[in-house]
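In what follows, a single structure is set out as structure tokens and then discussed.
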Amino acid sequence: MGRPDPEEGQLPAPVKPPDGGWGWIVLLGCFVITGFSYAFPKAVSVYFKELMKDFHVGYSDTAWISSIMLAMLYGTGPVCSIMVNQFGCRPVMLIGGLLASAGMILASFTTNIIELYLTAGVLTGLGMALNFQPSLIMLGTYFDKRRPLANGLAAAGSPVFLSSLSPLGQVLLEKFGWRGGFLIMGGLLLNCCTCGAVMRPLDMGMKRKMGKAQDKYEAKEMLPIGGKSEEGISTTDGTKKGKKAKKKPKKGKKLLDFSIFSNRGFIIYTISKFILVLGLFVPPILLVNYAKDTGVPDTEAAFLLSIIGFIDIFARPACGMVAGLKWVRPHVAYLFSFSMLFNGLTDICSARASNYTGLVIFCVFFGISYGMVGALQFEVLMAIVGSQKFSSAIGLVLLIEAFAVLIGPPSAGRLVDALKNYEVIFYLAGSEVALSALFLGVASYCCLNRGKKEPLPENNPSAGAGSDTEEAESDVQEAEEHSSDNHQPAHSTDNAVVVANEAANHVAEEQRGEGGGCPAGDGEVLARDGCNADQMVERDSF
């Protein structure tokens, strides 16, 4: 996935996603990677008090560990895209798993807070980033019809791991101390390597190999057995190799495809996501302190986050199932806009909650809306840019979101310190989320619907692979080009042309006898004046 073809130096035709099979194993790996990537920076917060005692630092100093992890997860998006496009998903994920594990293991031997920033923050954060982005790319490769459900199930890894890693970290802290806990957590991160190992790329060259074998078989069947047949086959193979060598320097995979910025849908999505992230993470960060200030006991205040996580676990897969419905999927961008509006209104309506019951109701509705946003965010991006450009698109989007992450929550914290009022913060965060929803919905309706292309004329051929007749015609063109470019002996080229022409005529006659007309369906071929294979063949490929 994402690598140039080693033989031709150009991108092969994408293989149809299987929507199952080994894809379920890939989904399981993506579930684990998503859980580690989003939950791990929050789970390490259970060690902060011990770190403050050992290193004689404040809470804000230790909080930078989680902030650096998240900054690396978002900010290194373009770097991940370049590495995936250059080396493929599986090698990048294996390296990322080793880096993430090594960062936590080295952190267990640190002697000051700066070393923790470099190991647990930078190294582990980079390793998780190199796992998170490729796993989403592979998920989009293996799923198409069931992709909304797959994205919802993979996104459920975040609340599941958050509800398990935090208690586990507390147990490790009590039994082994923070150093032993970091060491064991580093060992757990080696599971990222296992997840990377199962990210088997789809075989892009299978169709090409089958077509080559079929050409040889047809040539042997139509020509007399002997030296002439073997000569024709070897000459045809030689012309194809010469054609491949000629094409080699023409095309190559871009390390980072900036052409996606010409897609209006991508621009609208990016702007709305930037506004969304400014306010999306503020309520859960301030919720516990807000509850304590209203007189809620500490244990009950901490339980509010558990309510959000529990609801989130079921909301994400359920939303993925709804988004996969036939009458919903074409309008998934509007469903995403609705989920953001739902989340923003939940923040605004709960700003005046003054008792524990009101906060519990807020957590239920926030968990539902937050799960919907988490399940749909990458599904909408895949639908906008497609699987071929998704590797570049997600890297650029995560980079832009990184700035919003660094602006939103810290600014909210400063406003709380200055105003001593959480109500204003909830109003502000909810307004930002609602604004992003309105922008996405209105801009998508006004800009994208007006720019829809008119349907193609009926005489346009359908997309797909070429038929047998077209393959034979391409052999004729390849042989002629190879003869003119390389000045080979005339009798060899003539033999190749004879082989290809006879194959084309034979296949065309069989198709006329069976179907009584032009071939249809996948790989439909249209000739200018009928179905004669000796005439010009036209195909519209997508």
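Using the three backbone atoms N, Cα and C, a Cβ is placed for every residue, glycine included.
Under the heading transmembrane segment, TrEMBL lists 21-40 (among others).
Annotation source TrEMBL lists domain 'Major facilitator superfamily (MFS) profile' at 23-448.
Non-local neighbours of the transmembrane segment (63-84) in the same chain are 1-2, 37, 40-42, 44-45, 48, 92, 116-117, 120-122, 124-126, 128-130, 132-134, 137, 255-256, 391-392, 394-399, 401-402, 405-406; each lies 6+ residues outside the stretch with a CB under 8 Å from one of its CB atoms. Look at TrEMBL and you will find 63-84 (among others) tagged as transmembrane segment.
Residues or ranges marked as transmembrane segment in TrEMBL: 91-110 (among others). Long-range contacts of the transmembrane segment (91-110) within the same chain: residues 33, 36, 80, 83-84, 116, 119-131, 134-135, 179-180, 182-183, 185-187, 189-197, 199, each at least 6 residues beyond the stretch ends and with a Cβ under 8 Å from a Cβ of the stretch.
According to TrEMBL, the feature transmembrane segment maps to 116-137 (among others).
The annotation transmembrane segment is assigned in TrEMBL to 181-202 (among others).
Among the features that TrEMBL reports, region 'Disordered' is placed at 228-248 (among others).
Feature annotation from TrEMBL assigns transmembrane segment to 266-291 (among others). Residues of the same chain lying 6 or more positions beyond the ends of the transmembrane segment (266-291) and with a Cβ under 8 Å from any Cβ of it are 260, 300-302, 304-305, 308, 333, 337, 340, 343-344, 347, 356, 359, 363, 366, 370, 373, 377, 380-381, 384-385, 393, 396-397, 400-401, 403-405, 407-409, 412-413, 416, 422, 425-426, 428-433, 435-437, 439-440, 443-444, 447-448.
If you look up TrEMBL, you'll see 303-325 (among others) marked as transmembrane segment. Residues 145-153, 155-156, 158-160, 162-163, 284, 287-288, 291, 332, 335, 339, 359-360, 363-364, 366-368, 370-372, 374-376, 379 of the same chain lie 6+ residues outside the transmembrane segment (303-325) yet bring a C-beta within less than 8 angstroms of a C-beta in it.
The transmembrane segment annotation in TrEMBL covers 332-353 (among others).
What TrEMBL records for 359-378 (among others) is transmembrane segment.
TrEMBL lists 390-412 (among others) with the feature transmembrane segment.
Positions annotated as transmembrane segment by TrEMBL: 424-448 (among others). Cβ atoms under 8 Å from those of the transmembrane segment (424-448) belong to residues 264-265, 268-269, 271-276, 278-280, 282-283, 286, 290, 333-334, 336-341, 343-348, 350-351, 408, 412, 415-416 of the same chain, restricted to positions at least 6 beyond its ends.
Taken from TrEMBL, the feature region 'Disordered' applies to 457-523 (among others).
If you look up TrEMBL, you'll see 468-478 marked as compositional bias 'Acidic residues'.
Per TrEMBL, the feature compositional bias 'Low complexity' maps to 495-506.
Touching of the transmembrane segment (116-137) and the transmembrane segment (390-412) is concluded from the presence of at least three CB pairs under 8 A, sequence neighbours closer than 6 excluded. Within its own chain, the transmembrane segment (181-202) has Cβ neighbours under 8 Å at 1, 3, 15, 17-18, 22, 25-26, 28-30, 32-33, 36, 40, 44, 47, 88-90, 92-94, 96-98, 100-105, 107-108, 120, 124, 127-128, 131, 134-135, 138, 141-142, 169, 172-173, counting only residues six or more beyond its boundaries. Count of Cβ pairs under 8 Å against the transmembrane segment (359-378): among 21-40, 332-353, 390-412, the largest is for 332-353. If one looks beyond the transmembrane segment (21-40) by at least 6 residues along the same chain, the residues whose Cβ comes under 8 Å of a Cβ in the stretch are 69, 73, 93, 100, 124, 128-129, 131-132, 135-136, 138-139, 142-143, 150, 153-162, 165-166, 185, 189, 191-192, 194-196, 198-200.
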